[in-house]
Amino acid sequence: VGFKAGVKEYKLTYYTPEYETKDTDILAAFRVTPQPGVPPEEAGAAVAAESSTGTWTTVWTDGLTSLDRYKGRCYHIEPVPGETDQYICYVAYPLDLFEEGSVTNMFTSIVGNVFGFKALRALRLEDLRIPTAYIKTFQGPPHGIQVERDKLNKYGRPLLGCTIKPKLGLSAKNYGRAVYECLRGGLDFTKDDENVNSQPFMRWRDRFLFCAEALYKAQAETGEIKGHYLNATAGTCEEMMKRAVFARELGVPIIMHDYLTGGFTANTSLAHYCRDNGLLLHIHRAMHAVIDRQKNHGMHFRVLAKALRMSGGDHIHAGTVVGKLEGDRDITLGFVDLLRDDFIEKDRSRGIYFTQDWVSLPGVIPVASGGIHVWHMPALTEIFGDDSVLQFGGGTLGHPWGNAPGAVANRVALEACVKARNEGRDLAAEGNAIIREASKWSPELAAACEVWKEIKFEFKAVDTLD
């Protein structure tokens, strides 16, 4: 018989340097740190095997299928410059290994058991190339950037948001009041914090009602369309959908979901509901740093961002480059492009390992949030451009005169930066001067400038390119 029992080296089956990748393959770039004594070919082949058809020993049932058709293949290995014993292993997966339209299934295979594999000291998924054939099985973002602008009637500038603080402990009525003050002052959006769900001090239904009242009042007073990201995240999918339905009945424009803690299955269901019912969907990435912050193990955020674009969301938090949370500039701009653009060229200097064509899947607006204030406005406008949401939580609510003046200060600073940019001025070089000029005719901005003139979050990023 052709069956030969026993353990054989992975590389004999799964390391295929001569393989030419197909347009329909899902391609993955792994950063592999093998255990001492394990050659890189064996480590790369082990990753390909354990994340596709392989197991630790030859099995009789291998003969009942065509491994050549279904196996993952490690087709290229390169050492990581400046690191000893660390390699980038490229793996190609045949499309048939994955259920259509399921980010959950894709991740279960590609980043499943293999990450606990003993022959590896550490493993990190750096990037994925999603083939067009697979992308076409996903709905993607409920609406996308252009439709959102049309719904909100806001063009030619970044949008402004604010997370309501203190994040936990306010009653629904006081929470709604804070929302109203911010929106009336000139912000486009306010936001539930990611951990505001339905707690004893503020149940979700009360919050939804008071926030809806606040945004309609602010809308009437300012003549601008306003939104509040109502967090629909809940303990069960059914409860989450119930909250989304209630938000739709209130007629609000946007709801929110924590997509990593809530899970991709729940997120995809919610995104489908949002498209069917005209709701925008704001996505918060709570838990991402558990997965993506370590340089040699886990999964890079650009992979989580691609997965979100497939699963569906209209906004996603994407770091600030200048605030209090982790984020290297080139890397951040790399995945910001992956979220917004239709076609992204391979560019290793920005951490992009593969050329990605999104075949007209709608884009996602990146949200800059975390420790930013008016002095950061020129840098943020320059780094993120118009298609972004800039969120100032403490940077609005921490204003010495209150929420509405805090909102005014941010709006004045933003309009000044956009005007200066449109006149051809260099925001990077002249940013401080632009803010100072604007503060001369805005007492609210002048007060904000005074409060935050010394605040900096100067720490080196942990996850850098080199």
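Positions of Cβ are set from backbone N, Cα and C atoms, glycine also.
According to Swiss-Prot, the active site, proton acceptor annotation covers Lys165, His284, on the basis of sequence analysis. Residues annotated as substrate binding site in Swiss-Prot: Asn113, Thr163, Lys167, Arg285, His317, Ser369. Among the features that Swiss-Prot reports, N6,N6,N6-trimethyllysine is placed at Lys4, with the record citing sequence analysis. The N6-carboxylysine annotation in Swiss-Prot covers Lys191. The annotation site 'Transition state stabilizer' is assigned in Swiss-Prot to Lys324 on the grounds of sequence analysis.
Where Swiss-Prot records a feature, it is marked here on the structure.
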residue	record	DSSP class
Lys4	N6,N6,N6-trimethyllysine	coil
Asn113	substrate binding site	helix
Thr163	substrate binding site	strand
Lys191	N6-carboxylysine	strand
His284	active site, proton acceptor	strand
His317	substrate binding site	strand
Ser369	substrate binding site	strand
Lys167 (substrate binding site), number of other Cβ atoms within 10 Å: 13
Maximal Cα-Cα distance (Å) across residues annotated as binding substrate, namely Asn113, Thr163, Lys167, Arg285, His317, Ser369: 37
For Thr163 (substrate binding site): intrachain residues, at least 6 apart, with Cβ closer than 8 Å: Thr190, Lys191, Asp192, Asp193, Ser369, Gln391, Gly393
His284 (active site, proton acceptor) versus recorded positions Lys4, Asn113, Lys165, Lys167, His317 - nearest by Cα: His317
His317 (substrate binding site) to Lys4 (N6,N6,N6-trimethyllysine) - Cα separation in whole Å: 52
Set of same-chain residues at least 6 away whose C-beta sits under 8 angstroms from Arg285 (substrate binding site): Asp258, Tyr259, Leu260, Phe301, Leu304, Leu308, Ile316, His317
Alpha-carbon spacing, the residue listed as 'N6,N6,N6-trimethyllysine' to Asn113 (substrate binding site), which is rounded to whole Å: 26
Under 8 Å by Cβ from Lys165 (active site, proton acceptor), counting only residues of that chain that are 6 or more apart: Asp193, Gly393, Gly394, Leu397
